[in-house]
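Listed features, source Swiss-Prot:
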- LYS15, LEU16, SER17, GLY18, GLY58, ARG62, THR165, PHE171, ASP174: ATP binding site (BINDING)
- 23-28: region 'Involved in allosteric activation by GTP' (REGION)
- GLY57, ASP77, THR138, GLY139, ASN140, PRO141, PHE142, PHE143, THR144, THR145: UMP binding site (BINDING)
Amino acid sequence: MATNAKPVYKRILLKLSGEALQGTEGFGIDASILDRMAQEIKELVELGIQVGVVIGGGNLFRGAGLAKAGMNRVVGDHMGMLATVMNGLAMRDALHRAYVNARLMSAIPLNGVCDNYSWAEAISLLRNNRVVILSAGTGNPFFTTDSAACLRGIEIEADVVLKATKVDGVFTADPAKDPSATMYEQLSYNEVLDQELKVMDLAAFTLARDHKLPIRVFNMNKPGALRRVVMGEKEGTLITE
C-alpha cells in the first residue's frame with residue numbers, strides 16, 4: 001500500500017484506556033505493554049508529531065461497582081481520577097526511560113507529584129516537542145476520561161482524537177459476539193448517533209461533534225497501528241463530519 005511521506009496530523013490527542021495497560025493480568029499495569037506503548041509514542045515524536053495523551057483508570061479502579069454497593073458517586077469518581085494519575089506517572093516514567101521528554105499534568109492539584117493542568121503551558125510544551133500526559137480527567141465528577149480526551153483535544157487544538165481500543169475500529173455489531181460484524185472505514189457523527197454505535201459516551205461524542213473534532217478508533221494492541229494511523233494509511237475507523 002502506498003504511504004504518505006509525511007504524517008497527516010501535526011498534533012494529536014491519544015486516548016488510552018486504563019484496561020489497555022493491564023495486559024492479560026486483568027488488573028494493574030503490565031510493564032511490557034507500557035514500554036511498548038512508550039516506544040510507539042516515541043516513533044510519533046521522531047516523526048515530528050506533537051502528542052497529548054489522556055489515560056483512563058479502569059485497570060486500577062472502577063467506581064461503578066462500588067457506586068452500586070452504596071459508595072457516593074463523587075467519591076468514586078475522585079478515586080478514579082487518582083487512578084488516572086497513577087497511570088500517568090507510570091507512562092511518564094516509561095517515556096523517560098525511552099528517552100522521550102514528557103510532562104505529566106493533573107486537572108486536580110497534586111503538588112510535588114505532577115504539574116497542575118494549564119492550557120497555555122500544555123500548548124507551549126507540545127510546541128517544544130514534549131509529550132504531555134493529561135491526567136485526572138476533567139477534574140470534575142460525572143465526566144468520563146473520553147470526555148476529558150475530547151475536551152483536552154479541543155483545548156490544545158489537536159487535529160484528531162485517536163481512541164485506542166482492543167478492537168480494530170467501529171463495527172456494525174460487537175465482533176466478539178457476532179462473527180458476521182463488519183468494520184466501518186469512515187462514519188459521520190450523525191451516522192454514529194443514528195445507529196447508536198458505541199464509540200464513546202454521548203457527552204464526549206457530542207462535544208467532539210459540536211467542535212468538529214475528528215475521532216479515529218483503532219486497535220492499540222496491533223503493533224504499528226498507531227504509526228499507520230498518523231501516516232494516513234488504512235487503519236481503524238475515522239469519524240468526521
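A Cβ is built for glycine as well, from the same backbone N, Cα and C atoms used for every other residue.
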Original post:
Given ASP174 (ATP binding site) and THR144 (UMP binding site), what distance in Å do their CA atoms have, once rounded to a whole number?
Top reply: 22
**OP:** Between THR138 (UMP binding site) and SER17 (ATP binding site), find the distance joining the two CA atoms and give it rounded to the nearest Å.
**Re:** 15
Original post:
How big is the Cα-to-Cα gap, in Å, between GLY58 (ATP binding site) and THR144 (UMP binding site)?
Top reply: 11
Subject >> Neighbours of GLY57, ASP77, THR138, GLY139, ASN140, PRO141, PHE142, PHE143, THR144, THR145 excl. site residues, C-beta within 8 Å of centre, UMP >> reply: GLY80, MET81, GLY137, SER147, ALA148
Subject >> Residues LYS15, LEU16, SER17, GLY18, GLY58, ARG62, THR165, PHE171, ASP174 binding ATP per the record - widest CA separation, whole Å >> reply: 26
**OP:** By Cβ count within 10 Å, point out the most packed of the binding-site residues listed: GLY57, GLY58.
**Re:** GLY57
Original post:
By a simple count, how many Cβ atoms lie within 10 Å of the Cβ of THR138 (UMP binding site), its own Cβ left out?
Top reply: 21
**OP:** Pop the Cα-Cα gap between SER17 (ATP binding site) and THR144 (UMP binding site) into the table, whole Å please.
**Re:** 11
**OP:** Determine, to the nearest whole angstrom, how far the Cα atom of THR165 (ATP binding site) is from the Cα atom of GLY57 (UMP binding site).
**Re:** 14
Subject >> Integer Å distance between the CA atoms belonging to LYS15 (ATP binding site) and ASN140 (UMP binding site) >> reply: 18
Original post:
Which numbers of helix, strand and coil residues does DSSP report for the region 'Involved in allosteric activation by GTP' (23-28)?
Top reply: 0 helix, 0 strand, 6 coil
